[in-house]
Amino acid sequence: MTAPPLVEVDESVILDLKQKLLDPNTTLPEKYRILFSLRNVKGAAAHDALELALTDESALFRHDVAFCLGQRQDARAVEVLTNILHNTGEHPMVRHEAGEALGAIGTEECLAPLRAHLNDEVLEVAETCQLALQRIEWLRDHPGATNEESPYYSVDPTPALPTSIPTEELRDVLLDEKKRMFDRYSALFALRNKGGKDAVAALGAVFGARSALLKHEVAYVMGQMQDPKAVEFLTFVLKDGSEHAMVRHEAAEALGAIADSVTIGLLREFATDPEPIVAHSCEVALDVLDFEQSGQLEYADKGDGDKGSGAGEARRPICPCRG
């Protein structure tokens, strides 16, 4: 459960990125490149730029900004994330991400807003807040805990169970509708850390479960794993117009991360999906694919003409902010 270290950059670079972010002519994929840079930059100026990005018209983009604020684990974000969580007029996916981000930050100030929404009318928001509180409580009870088995740079919503647990046992926990969501998530992340065809198959079985929150997290980790064996599962989810938008959008981004040539036509097809969150996800995923195929290493806008500022250095991204 560790994020990559934040880097120092000149404030003029951050100002340049901020101006681009607020420019109405900046496209959504361009905004994501900026977001991917700002996520990794230390300091108040980068934080303030990210807060401004929360006013963007795209719910998809706002939700990923909230995600990045949580991954930075900067307590300055608690107030704005709390306001988003309380705002029932905001898109549920953005509110969910604000709750998850508060759990990632995990300070004392995060507890009250999370408790206030444990029984939120939106099930995905309620389940997120329950997980976030349980994560904070678990870390309090396990102060020396690390996430050494995870090869991924992410602050996960729950700790992973040990990878020494047999895959079949982890699958049973993951699919047990009577288990706490916290325990099912812990099994999910253990399967991600194990990797391999059996783990992918176990994760894919979740797409028959009831919880949209759980299914969206499975799609997300399939993108992290970048295993071509997940393409069949993710394609089915993306094509299912009756599936929750938050699950379909994660499937689209995961397909972009796997970068299989077979997925390009599918992403192009659904880039005009009537659900904006799905359409925007496909648009951004295609931009990531184009970027990777160009041979460039960092999906990021470093500002000031990309003059090697050091902003945004990270591994190949899943979506542009979930490296």
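A Cβ is built for glycine as well, from the same backbone N, Cα and C atoms used for every other residue.
The shown structure was predicted, so the numbers you read here are calculated from the model rather than taken from an experiment.
Taken from TrEMBL, the feature Fe cation 1 binding site covers HIS63, HIS96, GLU97. The feature Fe cation 2 binding site is assigned by TrEMBL to HIS216, GLU217, HIS249, GLU250. Feature annotation from TrEMBL assigns region 'Disordered' to 299-323.
Everything TrEMBL records as a feature, shown here on the structure.
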residue	record	CB count, 10 Å
HIS63	Fe cation 1 binding site	27
HIS96	Fe cation 1 binding site	30
GLU97	Fe cation 1 binding site	26
HIS216	Fe cation 2 binding site	22
GLU217	Fe cation 2 binding site	27
HIS249	Fe cation 2 binding site	32
GLU250	Fe cation 2 binding site	29
Query raised in the report: Given the recorded Fe cation 1 site (HIS63, HIS96, GLU97), which additional residues of the same chain have their Cβ within 8 Å of the Cβ centre, ordered by sequence?
Result: ALA66, PHE67, HIS91, PRO92, MET93, VAL94, ARG95, ALA98, GLY99, GLU100, THR128, MET246
Query raised in the report: Given GLU97 (Fe cation 1 binding site) and GLU217 (Fe cation 2 binding site), what distance in Å do their CA atoms have, once rounded to a whole number?
Result: 12
Query raised in the report: To test your reading of the Fe cation 2 site: which residues beyond HIS216, GLU217, HIS249, GLU250, same chain only, put their Cβ within 8 Å of the Cβ centroid of those residues?
Result: LYS215, VAL218, ALA219, TYR220, MET246, VAL247, ALA251, GLU253
